[in-house]
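J.: Pulled from TrEMBL, these are the listed features:
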REGION    1-52  region 'Disordered'
REGION    241-262  region 'Disordered'
TRANSMEM  65-87  transmembrane segment
TRANSMEM  99-118  transmembrane segment
TRANSMEM  164-185  transmembrane segment
TRANSMEM  197-214  transmembrane segment
TRANSMEM  223-240  transmembrane segment
TRANSMEM  268-286  transmembrane segment
TRANSMEM  307-326  transmembrane segment
TRANSMEM  346-367  transmembrane segment
TRANSMEM  374-390  transmembrane segment
TRANSMEM  402-425  transmembrane segment
Amino acid sequence: MPSDLRPSLDRHNDGRSYQPLLSKDARQEPGYDSPPRPTISRRSTFHERDPDGEARYATRRRYTYAAFFLVLSLISFAVQTETAVFIQSQLHWQKAYCMLYFTHGSWSLLWPTQLLILRLQKWNTPWNVFWRRHVQVLTQTAQMVEHQTLHPTGRQATTSPWPYMIRTTAYVTCALTIAGSSWYVAVNLTTASDLTAIYNCSAFFAYAFSIPLLHEKIRLSKVVAVAVAIIGVLVVAYGGESSPKHGSKSGGGAGGPDHDEQRTEHPYRLIGNLIIGAGSIMYGFYEVLYKKVACPPEDCSPGRGMIFANAFGSMIGCFTLLVLWIPLPLLHFTGIEVFELPHGRAAWMLLVSVLANAIFSGSFLILISLTSPVLSSVAALLTIFIVAIIDQLLPPPYNSPLSAAAIVGGTLIIGAFLVLSWATYNEMDEERRHKLAGEVEESDIDE
C-alpha cells in the first residue's frame, strides 16, 4: 500500500484507519504506485531494508519516467517549431497574441486527455468509484504541494487546498504569459540569431533562480554543463550562413532559410534584445517558480507527480481561456493586432502546432516535476540540433543543409546535457540514500 496514498496516521479515530483507500486493482495501477516505505506495525523491516538499494531503485524509476517524457517533449517541440515557422514565414499568418492565447489555452486539454487514458486503464472500475479515487488523489497531492510534505497534519488534511492552487495558477500563468509575450514582441525587432541566442540563456537563469528558491547547491559540474550548453547555442546561432530555426516554448517560431538577416534592417535591434533578455529571465523564473509552488515533494511517487503536473497544466490552460482573452479585443480595436482566425491550410497547420505545443508543455511540466528546472531547461536546447537535422531531411524547397556550426553546437549541447543528467542523477540518488538511511536510524531508536 503506497504510504503517500494512505490517510494520515493522526486520524486513527475516524473509523477509517484500517480501511484501504484504493482497491487491489487501483493499488496495482502504474500511475498511483510508489516504493514501499516502513510502517509502524512492521518493525522487522527496519533491519531488513537496504537504503542504498531502495534509493537506486527509486531514482532509476523516476529517471525512467523522465526519459520517456523527455523524448516525447523533444519530438513534439520539433513539430511545433517546424509548423510555427511555416505558418509565420510561408503562410504569413502573424497574429502574435492570438497564437499565444491559442497555444496556452490548449493546455486545458491535458487533464481531460490524462483522465481518458487512466479511465481506459481502469475500464472495469465503476465510474463513480473511479472518479472518487481520482479526485481524492488530486486533492491529497494538492495538499502535499501546499504544505510540502507527504503527510499533512490532521488540520492540514481537512482544509481544502484548491484556494491555494487557484492563487498559484494565477501568478504562475502570469509569469508564463509575460515570458511568452516577450518572444512575440521581440521577433520583429531583432534578428533570429539574437533571438535564439538570448532566449536560450533561460537555462542559466533557471539555475540562478534555483539557488535561492530551491536551495540548489552550486556544483562545478552543473555550472560548466550549463555554460557549455549556452556556448553550443551561440555556435549554432552565429556560426552558420543562415539563421537557424528555433521555436518558443509558447508556440512561436523564427529563423529558417527564408530569413535573410543581411538584407533585413533592424533599427530597434537593441530594444528587441533587451525585451527578449527580460523574457529569458522571466522564463527561467517561471520554471523555478512552478517547481517551487506547484510540484509535490521530491519523495512523492512519480505516478502522482505526473498526474498532478497535467492537472496543473490544465489549470493554466483554463485560466488563459477564461481571463487572458481580455487583451484580444483591446489589441483589435487599437489596431495593434487585428483579430483574424486562420483559414484553410493555415488553420490546419495552426491546429497541428497548437496540439504539438500542448504535448510538449505537458511533458515539460512532468519533466520539471520529476527532475529539476535546470535539467529540463538544458534538455529543451536539444531541439535546436534536432530541428537542424529535420531541415536536412525535408524535401526541397523547404530543406536546408546541415551546417558545420549546427554539428559543433549540437555536439556541445548534447555533451552538456549528458554531463548535467549524470550530475543530477547522482545528486538525487545521494539525497534519497541519506534520507532513507536517516529513516532507518530513527526507527531503530524508536524501538
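Cβ atoms here come from the backbone N, Cα and C positions, even for glycine.
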J.: Please give the sequence-distant neighbours of the transmembrane segment (65-87): residues at least 6 beyond its ends with Cβ less than 8 Å from one of its Cβ atoms.
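T.: Same-chain contacts beyond the flanks: 93, 99, 245-249, 251-256, 302, 306, 342, 346, 349-350, 352-353, 356-357, 359-360, 363-364, 366-367, 370-371, 379-380, 382-383, 386-387, 390, 398.
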J.: For the transmembrane segment (346-367), name the stretch out of 99-118, 164-185, 197-214, 307-326 with the most CB-CB pairs under 8 Å.
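T.: Highest pair count goes to 99-118.
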J.: Given the transmembrane segment (197-214), which of the listed stretches 307-326, 374-390, 402-425 has the most Cβ pairs that are under 8 Å apart from it?
T.: 374-390
J.: Using a threshold of three or more Cβ pairs below 8 Å, and leaving out pairs closer than 6 in sequence, do the transmembrane segment (223-240) and the transmembrane segment (402-425) count as in contact?
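T.: Yes; at least 3 Cβ pairs under 8 Å.
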J.: Is it the case that the transmembrane segment (307-326) and the transmembrane segment (223-240) have 3 or more CB pairs under 8 Å, with pairs at least 6 apart in sequence?
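T.: No, the transmembrane segment (307-326) does not contact the transmembrane segment (223-240).
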J.: Select the range from 164-185, 223-240, 268-286, 374-390 that forms the most Cβ-Cβ pairs under 8 Å with the transmembrane segment (99-118).
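T.: Stretch with the highest Cβ contact count: 164-185.
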J.: To the transmembrane segment (374-390), which of 164-185, 223-240, 268-286 is linked by the most Cβ pairs under 8 Å?
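T.: Between the candidates 164-185, 223-240, 268-286, the best contact partner of the transmembrane segment (374-390) is 223-240.
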J.: Same-chain Cβ contacts of the transmembrane segment (223-240) under 8 Å, 6 or more residues past its ends?
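T.: Cβ under 8 Å, 6 or more out: 193-194, 196-197, 200-201, 203-204, 207, 374, 378, 381, 384-385, 388, 403-406, 408-413, 415-417, 419-420, 423.
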